[in-house]
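Student: Below you will find the structure I want to go over with you.
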Amino acid sequence: MKIKEKMTDFGFSYVKKSKKNSMIEDIFNNVSYKYDLMNDIMSFGVHRIWKNILVYCNSTNPDQKILDLASGTGDITKRLSKLINKKGFIVSLDINRKMLKICRKKIRNSGTIRNIFYIQANSEYLPFKKNIFDSVIVSFGFRNFTEKKKQLSSIFNVLKPGGKLLILEFSKPLFEFLKKIYDIYSFYCIPKMGNIISGNYYSYKYLVESIKIHPSQKKLNKILSESEFCNSEYINISGGIVAIHRCYKF
């Protein structure tokens, strides 16, 4: 008897779990070239402030070992690279080769070449020994994970005892008027902007849908609290449009 394969969300649609990673990869292959430009335009540059706050919340020590997970084009890696010394290092890991290539070029153009390593891998199966990293940071990548519980378990394994996980992710606006404006802008403007700038209407349509179905800050905090992590907390930024979650391995 043929076993029916489990389905998972892909924006507002459902696809086979085995297909989602390749579909996500196709999306980022399509948008990688204009990815940074679109981030600036879509957020009016505010994403830079969000990422600065995220790095500040990490309280980076110069000799930390940090995993920038789902690193994309390297905005977080670039910020962190200025804060570590010769004893510390950063691993920039992403499943998408094109995004990692842009990341590497961006870091090198910034003048930083030491103590940064680039790895293409699936975050469900992190290719590291246990208890390596002082912190793991996921910036706008968590909602794209297919098996979130597996990813959290994998992250937990590679963190040192006392290490922390930080997640910056889109969330739910706290105020009704902001929610209405945000929804109108997201659904009616962002896909059209994506089409004009990068020629990828449907990639940015998926982006908006993935944000909409992502758990609220309270629900994600509960997911983290019910996992192996401890002391889960979050802060809202920009009226809850995004939130930073922080939890620890003890």
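Counting starts with 1 at the first residue shown.
Cβ coordinates are placed from backbone N, Cα and C, and glycine is handled just like the others.
Small disclaimer: the values here were computed from a predicted structure and weren't measured.
What Swiss-Prot lists as S-adenosyl-L-methionine binding site is Thr73, Asp94, Asn122, Ser123, Ser139, and the listing cites sequence analysis.
Please situate the listed features within the shown structure.
Tutor: Ser123 (S-adenosyl-L-methionine binding site) carries a helical DSSP state (H, G or I).
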Student: Using other CB atoms within 10 angstroms as the count, which residue among the binding-site residues Asn122, Ser123, Ser139 scores least?
Tutor: Asn122
Student: Who sits close to Thr73 (S-adenosyl-L-methionine binding site): which same-chain residues at least 6 apart have their Cβ under 8 Å from its Cβ?
Tutor: Ser32, Tyr35, Asp36, Met99, Ile102, Cys103, Lys106
